[in-house]
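A.B. asks: Sharing a structure, written as structure tokens. Questions coming.
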Ligand code: PRX
């Protein structure tokens, strides 16, 4: 197994042709990006269209120190632009109109299509005109709940074309969750599809939207228009037949099919010029108090950063074919399926299905089919695919690959090595990209032609990003050491606020260490200066790359009438990275049995999402608490791991509780 000391230099064939072809070149550019951000980003900004020019005096302003006043970040304030104009019209003007923007690969291998830049622009304009006709204006939020189909991309770009703020919710979240987010962002228009197949599973998306809209209506909140893509009827089901689209219930006056309204609309739509600092989109992420946070990104800085990271981190060249497997409902889908690639006039793939359908070699088959050059996926997918062995990989020609990306959680060296050896045939560069919904784009990452790779290290900061490690007292750890990963100054795509809750933004990210944006992750720096992200330092857990808060799951568990108290911790899992281990205390009405466990799992599934379902539920007549009543999660994590080395227990109110929990730990745990 590779160790911290193992170093894999970029393959000469990759380095030779890369945009950044040596570590010295990275260092030189990095230095300039930190010392002269206006000059560095100013040159990049010139590659885009600004309706009102950039004012050098307003290039970049921020305050990260809460003791000195409100926290804010502004880039290119006052300059006006439109992101859809930049990534579509400008590309068409530059002669890329007939270039394929997206290949769409359906769940069923017989379903596929493509969209050129010119056609994409037309479709976006049609959709933008329809949104306008539904009353959507600049600044309004539009809720989107879509599978991985090209209409999802079209909808996002249509929103930005008219200055509306898109608020996508991953189409795996439950109706409850979706309803909460619709009401929080105040959307009146919803865009969805009747459903989609993921492998052999049918997702009835419109049914979930209907349930969500009912829940909204119960609270007196109404969605006025719901546009529905009729998708199921046009694709092959796993049974080889077409689904009967008429099964989807439509509410007269509110619901309308995409195909009945969009094709009729005009294919041109003058863009709404927006301020660089106008909100562009929002995306919910889990918060450690349970209530999701609506992360807000603005236009100008996001455009610059998405474009620049995409170009350098994936070493994208004009004739490459790039594929990011992330769902569009996550930030990775926003920045690296939609905006980053389009800002580089790239050709990419949108894939609807799973890695396992129809066979466990589908990813490799798709790479082979489209001759993919850059492939970007999550460690959980790699670990799941490793199980099926390398013979399935070897069946396909993957020789076009140059860059392999990893995102969402730390990649373990074993998975890294497998990815490197069998998918990357020991030639590709692996970019282990660390970032967050909040950061908008990659913040720590190797660069393909420049950074000697260490398996599992996110390595070095991207241009414009200064990474600092702090100890508990807020003192900077220089050189080797481990601490809180924080950033002392913004880069262009750092989120600007939490929707309707700037106070929470300040408290969550800027109060622990005044003067720094706090990621909530820990990291260590090795003797060679490489950064290794060690995971969350707050009560968040990461299941298959999905971030969620323990508080969120605990509050759902305690909704059950038989449960009086619940505590949730992360336990390591061979494929998912982490899984949920729940301790529940029943009340006088409750009996801890199979039935209760089933009900609790179902409740989490309904209230949050299937991916949040607990792996282990343990009966906990008592929970380890301090004398002041605080649950000692540190000890619960040890119990979940079966590790009896629990350290100092002097603050425990009742040490017997711990022994009892160890003794009754389920055998399946
Ligand atoms: O804990 C880090 C982990 O995922 C968190 C961010 O999750 P989310 O906002 O959902 O965005 C995921 C996709 C960007 C981080 O706080 N994380 C993400 N990438 C890595 C990672 N941990 C280690 N290494 C990574 N490459």
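For all residues, glycine too, the Cβ spot is worked out from N, Cα and C.
What TrEMBL lists as domain 'Acetyl-coenzyme A synthetase N-terminal' is 26-87. Residues or ranges marked as domain 'AMP-dependent synthetase/ligase' by TrEMBL: 94-496. Residues annotated as domain 'AMP-binding enzyme C-terminal' in TrEMBL: 552-630.
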A.B. asks: Note the mean pLDDT of the domain 'AMP-dependent synthetase/ligase' (94-496), expressed as a whole number.
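C.D. replies: Its mean pLDDT is 96.
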A.B. asks: Give me the DSSP three-state residue breakdown of the domain 'AMP-binding enzyme C-terminal' (552-630), ordered helix, strand, coil.
C.D. replies: 23 helix, 27 strand, 29 coil
A.B. asks: In the domain 'Acetyl-coenzyme A synthetase N-terminal' (26-87), how many residues does DSSP put in helix, strand and coil?
C.D. replies: 30 helix, 11 strand, 21 coil
